[in-house]
Amino acid sequence: MLLRFVRGALDRSPLAVRAVARERTQASCLHFPRGACLKYTNHASLPSTSAGAGAPLHFCVVGSGPAGFYATERLLKQLGSVASVSLLDRLPHPYGLVRTGVAPDHADTKNVIKQFQRAAQHPNFHFFGNVNVGQDISVAELQSCYHAVILAYGAESHNKLNVAGEDLRGVLSAREFVEWYNGHPDAQDLPVNLNSVQAVAICGLGNVAVDCARILLQKPARLEFTDIAEHALAQLRCSAVRSLHLIGRRGVTQAAFTPKELRELVTLPNVHVHMADDDLLLDEAEQAELKIMRMKRRIYDIIANAAKSPDPPGAERSLHLDFKRSLAAIHGGSDGQVEALDLEVNDLVRDPVKGTVRAQGTGRLQHLQCDMILGSIGYCSVPLPGVPFDSRKGIIPNSLGRVLRGDETSTPTAVPGLYTVGWVKRGPTGIIGSNLVDAQQTVECIKEDIGRLPPLRAHRVGAAALQELLQKRCCRAVSFENWSRIDAVEVSRGLMVGKPREKFTSASAMLACL
Ligand code: NAP
(Lines of atoms letter the chains of each structure in order from A; the text may use other names.)
(Lines give C-alpha, C1' and ligand atoms only; values in the text may rest on other atoms or scores of the structure.)
Protein backbone atom coordinates (compact mmCIF):
# COMPACT_ATOMS: atom_id res chain seq x y z
CA MET A 1 0.00 0.00 0.00
CA LEU A 2 2.89 2.29 0.78
CA LEU A 3 4.15 2.02 -2.75
CA ARG A 4 0.75 3.05 -4.03
CA PHE A 5 0.85 6.14 -1.81
CA VAL A 6 4.15 7.27 -3.16
CA ARG A 7 3.27 6.58 -6.72
CA GLY A 8 -0.04 8.29 -6.24
CA ALA A 9 1.71 11.38 -4.99
CA LEU A 10 2.82 12.01 -8.51
CA ASP A 11 -0.29 10.81 -10.22
CA ARG A 12 -1.81 13.98 -11.61
CA SER A 13 -5.53 13.20 -11.74
CA PRO A 14 -7.70 14.82 -9.01
CA LEU A 15 -9.30 11.44 -8.40
CA ALA A 16 -5.96 9.80 -7.74
CA VAL A 17 -4.90 12.62 -5.42
CA ARG A 18 -8.11 12.32 -3.41
CA ALA A 19 -7.83 8.53 -3.27
CA VAL A 20 -4.26 8.78 -2.07
CA ALA A 21 -5.22 11.31 0.60
CA ARG A 22 -7.98 8.99 1.80
CA GLU A 23 -5.69 5.98 1.90
CA ARG A 24 -3.06 7.97 3.73
CA THR A 25 -5.46 9.02 6.44
CA GLN A 26 -6.72 5.48 6.94
CA ALA A 27 -3.39 3.79 7.00
CA SER A 28 -0.83 6.34 8.09
CA CYS A 29 0.07 4.35 11.18
CA LEU A 30 0.32 1.01 9.46
CA HIS A 31 3.66 1.73 7.88
CA PHE A 32 5.42 3.05 10.93
CA PRO A 33 7.05 1.28 13.79
CA ARG A 34 4.70 1.70 16.73
CA GLY A 35 7.05 4.09 18.58
CA ALA A 36 7.57 6.31 15.56
CA CYS A 37 3.83 6.73 15.12
CA LEU A 38 3.25 7.63 18.71
CA LYS A 39 5.79 10.41 18.53
CA TYR A 40 3.67 12.47 16.15
CA THR A 41 1.96 15.30 17.96
CA ASN A 42 -1.79 15.46 18.07
CA HIS A 43 -2.68 18.61 16.16
CA ALA A 44 -5.33 19.41 18.77
CA SER A 45 -2.51 20.57 21.06
CA LEU A 46 -1.34 23.16 18.51
CA PRO A 47 -2.79 26.63 18.06
CA SER A 48 -5.47 26.69 15.40
CA THR A 49 -4.26 27.82 12.01
CA SER A 50 -5.43 30.60 9.75
CA ALA A 51 -7.30 27.85 7.93
CA GLY A 52 -9.07 26.74 11.12
CA ALA A 53 -8.38 24.15 13.82
CA GLY A 54 -7.25 20.80 12.44
CA ALA A 55 -7.14 22.03 8.84
CA PRO A 56 -4.24 20.68 6.76
CA LEU A 57 -1.04 22.70 6.72
CA HIS A 58 1.11 22.60 3.62
CA PHE A 59 4.84 23.25 3.88
CA CYS A 60 7.42 23.49 1.15
CA VAL A 61 11.12 23.04 1.93
CA VAL A 62 13.53 24.17 -0.81
CA GLY A 63 16.73 22.12 -0.68
CA SER A 64 17.02 18.51 0.47
CA GLY A 65 20.42 18.67 2.16
CA PRO A 66 20.80 18.03 5.89
CA ALA A 67 19.16 21.32 6.93
CA GLY A 68 16.17 20.79 4.62
CA PHE A 69 15.74 17.16 5.65
CA TYR A 70 16.04 17.88 9.37
CA ALA A 71 13.46 20.70 9.02
CA THR A 72 11.13 18.33 7.13
CA GLU A 73 11.51 15.63 9.75
CA ARG A 74 10.86 18.11 12.59
CA LEU A 75 7.74 19.51 10.90
CA LEU A 76 6.28 16.05 10.30
CA LYS A 77 7.10 14.90 13.82
CA GLN A 78 5.99 17.96 15.71
CA LEU A 79 2.94 19.16 13.81
CA GLY A 80 1.25 15.80 13.54
CA SER A 81 -0.95 14.51 10.76
CA VAL A 82 -2.18 17.99 9.75
CA ALA A 83 1.24 18.77 8.30
CA SER A 84 2.23 17.81 4.81
CA VAL A 85 5.72 18.61 3.52
CA SER A 86 6.98 18.90 -0.05
CA LEU A 87 10.78 18.75 -0.20
CA LEU A 88 12.29 20.17 -3.39
CA ASP A 89 15.75 19.81 -4.86
CA ARG A 90 17.18 21.07 -8.12
CA LEU A 91 19.01 17.73 -8.57
CA PRO A 92 17.20 14.44 -9.12
CA HIS A 93 18.76 13.07 -5.92
CA PRO A 94 18.20 14.16 -2.32
CA TYR A 95 20.66 14.70 0.60
CA GLY A 96 22.74 17.66 -0.69
CA LEU A 97 26.11 17.87 1.03
CA VAL A 98 25.68 14.50 2.75
CA ARG A 99 25.99 12.94 -0.70
CA THR A 100 28.17 15.47 -2.52
CA GLY A 101 30.09 17.22 0.27
CA VAL A 102 31.06 14.61 2.85
CA ALA A 103 34.31 12.92 1.83
CA PRO A 104 33.97 9.37 0.43
CA ASP A 105 36.26 7.97 3.14
CA HIS A 106 33.97 9.38 5.86
CA ALA A 107 31.25 6.79 5.31
CA ASP A 108 30.02 6.94 8.93
CA THR A 109 29.04 10.60 8.53
CA LYS A 110 26.68 9.54 5.74
CA ASN A 111 24.74 7.21 8.06
CA VAL A 112 22.38 10.12 8.72
CA ILE A 113 20.86 9.25 5.33
CA LYS A 114 19.15 6.29 7.02
CA GLN A 115 17.37 8.72 9.33
CA PHE A 116 16.31 10.85 6.35
CA GLN A 117 15.07 7.75 4.53
CA ARG A 118 12.85 6.95 7.50
CA ALA A 119 11.43 10.49 7.44
CA ALA A 120 10.75 10.06 3.72
CA GLN A 121 8.46 7.11 4.45
CA HIS A 122 6.00 9.42 6.21
CA PRO A 123 2.72 9.39 4.30
CA ASN A 124 2.60 13.19 4.22
CA PHE A 125 6.09 13.52 2.71
CA HIS A 126 6.50 14.38 -0.97
CA PHE A 127 9.87 14.67 -2.71
CA PHE A 128 10.18 16.75 -5.86
CA GLY A 129 13.69 16.24 -7.22
CA ASN A 130 14.92 17.82 -10.47
CA VAL A 131 12.94 21.01 -9.75
CA ASN A 132 14.94 24.21 -9.91
CA VAL A 133 13.29 26.90 -7.80
CA GLY A 134 13.91 30.24 -9.48
CA GLN A 135 13.77 28.62 -12.92
CA ASP A 136 11.06 25.96 -13.04
CA ILE A 137 8.96 27.70 -10.42
CA SER A 138 9.26 30.92 -8.43
CA VAL A 139 9.22 31.36 -4.68
CA ALA A 140 6.10 33.55 -5.06
CA GLU A 141 4.33 30.68 -6.84
CA LEU A 142 5.33 28.29 -4.07
CA GLN A 143 3.98 30.76 -1.51
CA SER A 144 0.65 30.76 -3.26
CA CYS A 145 0.32 26.97 -2.80
CA TYR A 146 1.91 26.49 0.62
CA HIS A 147 1.23 27.99 4.05
CA ALA A 148 4.98 28.30 4.58
CA VAL A 149 8.06 28.03 2.40
CA ILE A 150 11.35 27.14 4.12
CA LEU A 151 14.49 28.01 2.17
CA ALA A 152 17.24 25.49 2.79
CA TYR A 153 19.21 25.73 -0.43
CA GLY A 154 22.62 26.02 1.20
CA ALA A 155 25.73 27.58 -0.31
CA GLU A 156 26.19 26.82 -3.97
CA SER A 157 29.15 29.07 -4.61
CA HIS A 158 32.53 29.91 -3.03
CA ASN A 159 34.64 32.88 -2.06
CA LYS A 160 37.07 33.96 -4.72
CA LEU A 161 40.78 34.23 -4.02
CA ASN A 162 40.85 37.71 -5.58
CA VAL A 163 44.45 37.56 -6.77
CA ALA A 164 45.97 38.05 -10.18
CA GLY A 165 46.12 34.77 -12.12
CA GLU A 166 43.01 33.27 -10.52
CA ASP A 167 41.58 32.47 -13.95
CA LEU A 168 44.52 30.34 -15.08
CA ARG A 169 43.93 26.69 -15.92
CA GLY A 170 44.63 24.52 -12.89
CA VAL A 171 43.21 27.05 -10.41
CA LEU A 172 40.00 25.61 -8.98
CA SER A 173 37.85 26.08 -5.94
CA ALA A 174 37.93 23.36 -3.31
CA ARG A 175 34.13 23.38 -3.47
CA GLU A 176 34.26 22.29 -7.11
CA PHE A 177 37.00 19.77 -6.40
CA VAL A 178 34.91 18.20 -3.60
CA GLU A 179 31.94 18.03 -5.96
CA TRP A 180 34.18 16.44 -8.59
CA TYR A 181 35.38 13.57 -6.43
CA ASN A 182 31.88 13.12 -5.00
CA GLY A 183 30.20 12.81 -8.42
CA HIS A 184 28.11 16.02 -8.29
CA PRO A 185 26.52 16.56 -11.71
CA ASP A 186 27.77 20.17 -11.83
CA ALA A 187 31.40 19.05 -11.59
CA GLN A 188 31.51 16.06 -13.93
CA ASP A 189 33.50 18.05 -16.52
CA LEU A 190 35.84 19.86 -14.13
CA PRO A 191 39.24 20.02 -15.84
CA VAL A 192 41.33 17.91 -13.45
CA ASN A 193 44.39 16.07 -14.84
CA LEU A 194 46.21 14.63 -11.89
CA ASN A 195 48.69 12.70 -14.01
CA SER A 196 50.33 16.00 -14.90
CA VAL A 197 50.19 17.53 -11.41
CA GLN A 198 53.19 17.09 -9.11
CA ALA A 199 52.77 20.02 -6.72
CA VAL A 200 49.46 21.25 -5.31
CA ALA A 201 48.73 24.33 -3.19
CA ILE A 202 45.53 24.58 -1.15
CA CYS A 203 44.67 28.01 0.30
CA GLY A 204 42.71 27.93 3.55
CA LEU A 205 42.96 26.00 6.80
CA GLY A 206 39.42 24.67 7.22
CA ASN A 207 38.08 21.11 7.11
CA VAL A 208 37.29 21.35 3.41
CA ALA A 209 40.98 22.07 2.72
CA VAL A 210 41.92 19.11 4.93
CA ASP A 211 39.46 16.82 3.10
CA CYS A 212 40.90 17.80 -0.30
CA ALA A 213 44.47 17.34 0.96
CA ARG A 214 43.67 13.88 2.34
CA ILE A 215 41.98 12.76 -0.87
CA LEU A 216 44.97 13.94 -2.91
CA LEU A 217 47.69 12.55 -0.64
CA GLN A 218 46.46 9.17 0.55
CA LYS A 219 47.00 6.01 -1.46
CA PRO A 220 44.09 5.56 -3.88
CA ALA A 221 43.77 1.95 -2.68
CA ARG A 222 42.21 3.38 0.51
CA LEU A 223 39.42 4.86 -1.60
CA GLU A 224 38.75 1.83 -3.82
CA PHE A 225 35.82 0.60 -1.74
CA THR A 226 34.19 3.95 -1.00
CA ASP A 227 31.48 5.74 -3.00
CA ILE A 228 34.04 8.07 -4.65
CA ALA A 229 33.13 8.91 -8.25
CA GLU A 230 34.65 6.52 -10.77
CA HIS A 231 36.27 9.35 -12.78
CA ALA A 232 37.98 10.69 -9.65
CA LEU A 233 39.30 7.29 -8.59
CA ALA A 234 40.70 6.73 -12.08
CA GLN A 235 42.55 10.06 -11.89
CA LEU A 236 43.85 9.43 -8.37
CA ARG A 237 45.24 6.06 -9.46
CA CYS A 238 47.50 7.74 -12.00
CA SER A 239 48.14 10.88 -9.95
CA ALA A 240 51.65 12.35 -10.11
CA VAL A 241 51.14 14.44 -6.95
CA ARG A 242 54.26 14.42 -4.77
CA SER A 243 53.92 17.53 -2.64
CA LEU A 244 51.03 19.51 -1.24
CA HIS A 245 51.18 22.89 0.49
CA LEU A 246 48.38 23.79 2.88
CA ILE A 247 48.49 27.56 3.16
CA GLY A 248 46.89 29.68 5.89
CA ARG A 249 47.02 33.43 6.33
CA ARG A 250 47.16 33.11 10.13
CA GLY A 251 48.90 30.79 12.61
CA VAL A 252 48.48 27.37 14.20
CA THR A 253 46.21 28.59 16.98
CA GLN A 254 43.85 30.38 14.56
CA ALA A 255 43.37 27.44 12.16
CA ALA A 256 39.73 26.51 11.43
CA PHE A 257 40.13 22.74 11.03
CA THR A 258 39.16 20.33 13.80
CA PRO A 259 41.50 17.91 15.62
CA LYS A 260 40.04 14.64 14.30
CA GLU A 261 40.28 15.73 10.66
CA LEU A 262 43.76 17.19 11.16
CA ARG A 263 45.07 14.02 12.82
CA GLU A 264 43.73 11.89 9.99
CA LEU A 265 45.71 14.00 7.51
CA VAL A 266 49.04 14.33 9.29
CA THR A 267 49.17 10.64 10.23
CA LEU A 268 48.68 9.31 6.71
CA PRO A 269 51.22 6.46 6.47
CA ASN A 270 52.57 7.50 3.07
CA VAL A 271 53.09 11.19 3.87
CA HIS A 272 55.83 13.15 5.61
CA VAL A 273 54.92 16.46 7.19
CA HIS A 274 57.01 19.63 6.99
CA MET A 275 56.60 22.98 8.66
CA ALA A 276 58.73 25.85 9.87
CA ASP A 277 59.79 25.41 13.53
CA ASP A 278 59.02 29.12 14.09
CA ASP A 279 55.33 28.49 13.47
CA LEU A 280 55.13 26.54 16.71
CA LEU A 281 56.34 29.53 18.75
CA LEU A 282 53.45 31.15 20.58
CA ASP A 283 53.14 34.56 22.16
CA GLU A 284 51.85 34.95 25.71
CA ALA A 285 48.24 35.48 24.70
CA GLU A 286 48.28 32.34 22.53
CA GLN A 287 49.81 30.30 25.33
CA ALA A 288 47.05 31.51 27.65
CA GLU A 289 44.44 30.58 25.03
CA LEU A 290 45.77 27.04 24.74
CA LYS A 291 45.40 26.61 28.49
CA ILE A 292 41.68 27.30 28.41
CA MET A 293 40.69 26.12 24.92
CA ARG A 294 40.97 22.36 24.74
CA MET A 295 40.35 22.09 21.01
CA LYS A 296 43.09 24.58 20.17
CA ARG A 297 45.46 22.74 22.52
CA ARG A 298 44.71 19.45 20.74
CA ILE A 299 45.31 21.02 17.33
CA TYR A 300 48.60 22.48 18.52
CA ASP A 301 49.74 19.14 19.97
CA ILE A 302 48.81 17.20 16.82
CA ILE A 303 50.79 19.62 14.67
CA ALA A 304 53.76 19.71 17.05
CA ASN A 305 53.87 15.90 17.18
CA ALA A 306 53.60 15.60 13.41
CA ALA A 307 56.42 18.12 12.95
CA LYS A 308 58.82 16.24 15.18
CA SER A 309 57.86 12.70 14.13
CA PRO A 310 60.35 10.90 11.89
CA ASP A 311 59.27 10.48 8.28
CA PRO A 312 57.24 7.30 7.86
CA PRO A 313 59.28 4.64 6.05
CA GLY A 314 58.53 4.63 2.34
CA ALA A 315 56.66 7.95 2.49
CA GLU A 316 56.46 9.09 -1.10
CA ARG A 317 54.41 12.26 -0.66
CA SER A 318 54.98 15.39 1.40
CA LEU A 319 52.61 17.73 3.18
CA HIS A 320 53.85 21.26 3.88
CA LEU A 321 51.96 23.31 6.46
CA ASP A 322 52.58 26.94 5.52
CA PHE A 323 51.19 29.18 8.26
CA LYS A 324 51.19 32.99 8.21
CA ARG A 325 51.24 33.17 4.43
CA SER A 326 48.84 34.93 2.06
CA LEU A 327 48.48 34.24 -1.63
CA ALA A 328 49.88 37.31 -3.44
CA ALA A 329 49.89 36.27 -7.11
CA ILE A 330 49.46 33.25 -9.36
CA HIS A 331 51.69 32.79 -12.39
CA GLY A 332 51.06 30.78 -15.51
CA GLY A 333 52.90 29.70 -18.64
CA SER A 334 52.20 30.79 -22.20
CA ASP A 335 49.76 27.87 -22.45
CA GLY A 336 47.55 29.45 -19.75
CA GLN A 337 48.33 26.71 -17.23
CA VAL A 338 49.27 27.62 -13.65
CA GLU A 339 52.99 27.17 -12.91
CA ALA A 340 53.77 28.96 -9.67
CA LEU A 341 52.52 31.30 -6.98
CA ASP A 342 53.85 34.04 -4.73
CA LEU A 343 53.13 33.98 -1.03
CA GLU A 344 53.45 37.04 1.17
CA VAL A 345 54.77 36.35 4.67
CA ASN A 346 52.47 37.75 7.36
CA ASP A 347 52.86 39.01 10.89
CA LEU A 348 50.01 38.39 13.30
CA VAL A 349 48.50 41.47 14.91
CA ARG A 350 46.28 41.19 17.97
CA ASP A 351 43.52 43.72 18.57
CA PRO A 352 44.19 44.96 22.10
CA VAL A 353 40.49 45.38 22.88
CA LYS A 354 38.75 42.50 21.12
CA GLY A 355 41.66 40.07 21.36
CA THR A 356 41.14 38.98 17.75
CA VAL A 357 44.16 38.21 15.62
CA ARG A 358 44.58 39.36 12.02
CA ALA A 359 47.23 38.75 9.40
CA GLN A 360 49.30 41.72 8.26
CA GLY A 361 51.55 41.42 5.20
CA THR A 362 55.27 42.11 5.67
CA GLY A 363 56.01 42.66 1.98
CA ARG A 364 58.38 39.66 1.98
CA LEU A 365 57.52 37.21 -0.80
CA GLN A 366 58.13 33.50 -1.30
CA HIS A 367 57.93 31.81 -4.67
CA LEU A 368 56.48 28.31 -5.00
CA GLN A 369 56.24 26.06 -8.05
CA CYS A 370 52.82 24.38 -8.38
CA ASP A 371 50.66 22.77 -11.03
CA MET A 372 47.28 23.01 -9.31
CA ILE A 373 45.78 25.46 -6.80
CA LEU A 374 42.61 24.92 -4.80
CA GLY A 375 41.00 27.94 -3.19
CA SER A 376 39.42 26.73 0.03
CA ILE A 377 38.46 29.96 1.76
CA GLY A 378 34.78 29.32 2.36
CA TYR A 379 31.52 28.56 0.57
CA CYS A 380 28.95 31.27 -0.09
CA SER A 381 25.23 31.33 -0.77
CA VAL A 382 23.60 32.94 -3.78
CA PRO A 383 20.44 35.05 -3.86
CA LEU A 384 17.15 33.62 -5.09
CA PRO A 385 14.94 35.94 -7.19
CA GLY A 386 12.25 37.60 -5.07
CA VAL A 387 13.84 36.66 -1.74
CA PRO A 388 15.68 39.18 0.47
CA PHE A 389 19.45 38.61 0.53
CA ASP A 390 22.21 40.21 2.58
CA SER A 391 25.12 40.21 0.14
CA ARG A 392 27.57 41.44 2.77
CA LYS A 393 26.92 38.48 5.06
CA GLY A 394 26.04 36.11 2.20
CA ILE A 395 22.84 34.92 3.87
CA ILE A 396 19.08 35.44 3.73
CA PRO A 397 18.44 38.06 6.45
CA ASN A 398 16.46 36.39 9.21
CA SER A 399 15.58 36.36 12.85
CA LEU A 400 15.85 32.82 14.25
CA GLY A 401 14.79 31.55 10.80
CA ARG A 402 12.01 34.05 9.99
CA VAL A 403 12.99 35.77 6.74
CA LEU A 404 13.23 39.54 7.16
CA ARG A 405 12.58 42.21 4.57
CA GLY A 406 13.75 45.81 4.88
CA ASP A 407 16.66 48.07 4.08
CA GLU A 408 19.02 50.36 6.01
CA THR A 409 16.34 53.05 6.19
CA SER A 410 13.56 50.89 7.66
CA THR A 411 13.14 48.37 10.46
CA PRO A 412 13.21 44.87 8.98
CA THR A 413 9.94 42.98 9.21
CA ALA A 414 9.25 39.26 8.92
CA VAL A 415 7.89 38.08 5.57
CA PRO A 416 4.74 36.09 6.44
CA GLY A 417 5.13 32.39 5.66
CA LEU A 418 8.78 32.61 4.59
CA TYR A 419 11.52 30.91 6.62
CA THR A 420 15.09 29.77 6.22
CA VAL A 421 17.40 27.11 7.64
CA GLY A 422 20.96 25.83 7.24
CA TRP A 423 23.92 27.53 5.57
CA VAL A 424 21.77 30.06 3.72
CA LYS A 425 20.37 31.10 7.11
CA ARG A 426 23.50 31.20 9.26
CA GLY A 427 26.47 31.08 6.85
CA PRO A 428 28.67 28.15 5.79
CA THR A 429 29.73 26.83 9.18
CA GLY A 430 29.22 23.76 11.30
CA ILE A 431 29.00 20.02 10.87
CA ILE A 432 25.99 18.03 9.59
CA GLY A 433 24.57 17.75 13.12
CA SER A 434 24.62 21.56 13.59
CA ASN A 435 21.69 21.63 11.18
CA LEU A 436 19.50 19.67 13.56
CA VAL A 437 19.63 22.40 16.19
CA ASP A 438 19.25 25.02 13.49
CA ALA A 439 16.20 23.25 11.99
CA GLN A 440 14.60 22.96 15.39
CA GLN A 441 14.98 26.72 15.88
CA THR A 442 13.25 27.49 12.58
CA VAL A 443 10.49 24.95 13.22
CA GLU A 444 9.86 26.51 16.65
CA CYS A 445 9.26 29.86 14.89
CA ILE A 446 6.85 28.20 12.47
CA LYS A 447 4.97 26.61 15.37
CA GLU A 448 4.73 29.98 17.12
CA ASP A 449 3.47 31.60 13.91
CA ILE A 450 0.93 28.92 12.99
CA GLY A 451 -2.11 31.05 13.73
CA ARG A 452 -0.69 33.84 11.55
CA LEU A 453 0.40 31.86 8.49
CA PRO A 454 -1.09 33.36 5.34
CA PRO A 455 -4.30 31.58 4.29
CA LEU A 456 -4.32 29.76 0.96
CA ARG A 457 -7.01 30.86 -1.45
CA ALA A 458 -6.14 28.65 -4.42
CA HIS A 459 -8.46 25.85 -5.46
CA ARG A 460 -5.64 23.32 -5.36
CA VAL A 461 -2.86 23.57 -2.75
CA GLY A 462 0.26 21.81 -1.50
CA ALA A 463 1.89 18.91 -3.34
CA ALA A 464 -1.06 18.42 -5.69
CA ALA A 465 -0.89 22.07 -6.81
CA LEU A 466 2.85 21.92 -7.30
CA GLN A 467 2.58 18.72 -9.26
CA GLU A 468 0.02 20.30 -11.57
CA LEU A 469 2.13 23.41 -12.14
CA LEU A 470 5.27 21.41 -12.88
CA GLN A 471 3.40 19.14 -15.24
CA LYS A 472 2.09 22.15 -17.18
CA ARG A 473 5.70 23.34 -17.54
CA CYS A 474 6.92 19.93 -18.67
CA CYS A 475 9.23 19.81 -15.67
CA ARG A 476 10.02 16.18 -14.91
CA ALA A 477 9.89 15.96 -11.13
CA VAL A 478 11.50 12.97 -9.43
CA SER A 479 9.44 11.48 -6.59
CA PHE A 480 11.05 9.68 -3.66
CA GLU A 481 9.96 6.40 -5.15
CA ASN A 482 11.70 7.34 -8.39
CA TRP A 483 14.80 8.35 -6.47
CA SER A 484 14.71 4.97 -4.70
CA ARG A 485 14.86 3.29 -8.09
CA ILE A 486 17.88 5.37 -9.11
CA ASP A 487 19.42 4.62 -5.72
CA ALA A 488 18.96 0.86 -6.24
CA VAL A 489 20.66 1.01 -9.64
CA GLU A 490 23.60 2.93 -8.17
CA VAL A 491 23.94 0.37 -5.39
CA SER A 492 23.87 -2.55 -7.84
CA ARG A 493 26.48 -0.83 -10.05
CA GLY A 494 28.61 -0.43 -6.92
CA LEU A 495 28.23 -4.11 -5.98
CA MET A 496 29.93 -5.13 -9.18
CA VAL A 497 33.11 -3.22 -8.23
CA GLY A 498 33.02 -3.68 -4.46
CA LYS A 499 31.79 -0.15 -3.69
CA PRO A 500 28.73 0.85 -1.64
CA ARG A 501 27.44 2.51 -4.80
CA GLU A 502 28.62 3.77 -8.14
CA LYS A 503 27.04 7.20 -8.45
CA PHE A 504 25.57 8.56 -11.62
CA THR A 505 27.33 11.82 -12.28
CA SER A 506 24.75 13.48 -14.49
CA ALA A 507 21.09 14.28 -14.06
CA SER A 508 20.32 12.72 -17.46
CA ALA A 509 21.92 9.41 -16.44
CA MET A 510 19.81 9.39 -13.27
CA LEU A 511 16.62 10.17 -15.18
CA ALA A 512 17.43 7.44 -17.72
CA CYS A 513 16.89 4.84 -14.93
CA LEU A 514 13.22 5.78 -14.69
P1 NAP B 1 36.08 27.32 7.20
O2 NAP B 1 36.12 26.29 8.26
O3 NAP B 1 35.36 28.58 7.48
O4 NAP B 1 37.61 27.66 6.82
C5 NAP B 1 37.90 28.66 5.90
C6 NAP B 1 39.40 28.93 5.87
O7 NAP B 1 39.60 29.91 4.86
C8 NAP B 1 39.97 29.50 7.16
O9 NAP B 1 41.25 28.98 7.38
C10 NAP B 1 40.04 31.01 6.85
O11 NAP B 1 41.09 31.68 7.51
C12 NAP B 1 40.38 30.98 5.38
N13 NAP B 1 40.03 32.22 4.72
C14 NAP B 1 38.81 32.82 4.65
N15 NAP B 1 38.89 33.94 3.91
C16 NAP B 1 40.19 34.05 3.51
C17 NAP B 1 40.89 34.98 2.72
N18 NAP B 1 40.29 36.03 2.18
N19 NAP B 1 42.21 34.77 2.51
C20 NAP B 1 42.84 33.70 3.05
N21 NAP B 1 42.23 32.79 3.81
C22 NAP B 1 40.91 32.95 4.04
O23 NAP B 1 35.44 26.78 5.83
P24 NAP B 1 35.45 25.37 5.11
O25 NAP B 1 36.73 24.66 5.25
O26 NAP B 1 34.95 25.68 3.74
O27 NAP B 1 34.36 24.53 5.92
C28 NAP B 1 32.99 24.96 5.98
C29 NAP B 1 32.30 24.27 7.16
O30 NAP B 1 32.11 22.88 6.86
C31 NAP B 1 33.11 24.33 8.43
O32 NAP B 1 32.27 24.53 9.53
C33 NAP B 1 33.74 22.96 8.49
O34 NAP B 1 34.09 22.55 9.79
C35 NAP B 1 32.64 22.09 7.91
N36 NAP B 1 33.21 20.86 7.38
C37 NAP B 1 33.35 19.83 8.24
C38 NAP B 1 33.94 18.66 7.82
C39 NAP B 1 34.11 17.54 8.79
O40 NAP B 1 33.59 17.61 9.89
N41 NAP B 1 34.83 16.50 8.43
C42 NAP B 1 34.38 18.53 6.50
C43 NAP B 1 34.23 19.60 5.63
C44 NAP B 1 33.65 20.77 6.09
P45 NAP B 1 40.79 32.74 8.69
O46 NAP B 1 40.49 31.88 9.87
O47 NAP B 1 42.03 33.50 8.79
O48 NAP B 1 39.60 33.55 8.25
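Placed from the backbone N, Cα and C atoms, the Cβ positions cover glycine too.
Per TrEMBL, the feature domain 'FAD/NAD(P)-binding' maps to 59-218.
Within its own chain, Trp423 (FAD binding site) has Ala67, Gly154, Ala155, Tyr379, Ser381, Thr429 as residues 6 or more apart in sequence whose C-beta sits under 8 angstroms from its own. Feature annotation from TrEMBL assigns FAD binding site to Ala67, Leu97, Val133, Trp423, Gly430, Ile431, Ile432.
Annotation comment: TrEMBL describes Arg249, Arg250, Glu261, Gly430 as NADP(+) binding site. Every protein chain considered, the tally of other Cβ atoms within 10 Å of the Cβ of Glu261 (NADP(+) binding site) stands at 18.
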Q: Sorry to bug you, but what's the C-alpha spacing from Glu261 (NADP(+) binding site) to Ile431 (FAD binding site), rounded to the closest Å?
A: 12
Q.
Given a separation of at least six residues and a C-beta threshold under 8 Å, show me what packs close to Arg250 (NADP(+) binding site) in the same chain.
A. Leu205, Phe323, Lys324, Asn346, Leu348, Val357, Arg358, Ala359
Q: For the domain 'FAD/NAD(P)-binding' (59-218), would you mind checking the mean pLDDT of the predicted model?
A: 97
Q | Residues satisfying Cβ distance under 8 Å from Gly430 (FAD binding site), sequence separation of at least 6 | A | Asp438
Q. Which binding-site residues among Ala67, Leu97, Arg249, Glu261, Ile431, Ile432 have CB under 6 Å of ligand 1?
A. Arg249, Glu261, Ile431
